[in-house]
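Read the structure below first, then the notes.
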């Protein structure tokens, strides 16, 4: 399924949000591109330079090339981590005012996670949460069509195509082993 995704955009919007797992606060780091496509997520305990660096390295590994621009809130960890990674050293870094919620691409990308968290009555295990959210984002994006921009007939046609693709993807993983 990852192979069928389009190439990531040239502008990245990383952001972090607190998630509570069994009463303990964790940070869910998420990066989206300018189209709103989720690049990667990472669940960590800390909000320091090492955590930001680990997240940037993970996103760089998931994407084939570095962005031209990174848009972040004013968390100092981003700047410090970016300076230590050679691939991101020459990337333009735009800071937005954190209180104004101007980084809407990243802020809005947390909404499906919050909704899923409510439906599941909270996340419990960090490893399972990381695995679930890493899978949930691409699957949700696969079926998310911009319905307000499509005629009903075109929407139905595109949805049928996406469902057929999904059956193709899952058919590969559901082949029973032959002994």
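Glycine residues also receive a Cβ, built from the backbone N, Cα and C atoms like all the rest.
Sequence-distant contacts of the compositional bias 'Basic and acidic residues' (112-124), counting only residues of its own chain at least 6 positions beyond either end whose CB sits under 8 Å from a CB of the stretch, comprise 17, 19-22, 28, 30, 132-133, 136-137, 140. Summarising the annotation, TrEMBL assigns compositional bias 'Basic and acidic residues' to 112-124.
If you look up TrEMBL, you'll see 11-142 marked as domain 'DDE'. For the domain 'DDE' (11-142), residue counts in helix, strand and coil come to 61 helix, 37 strand, 34 coil, using DSSP.
Per TrEMBL, the feature region 'Disordered' maps to 103-124.
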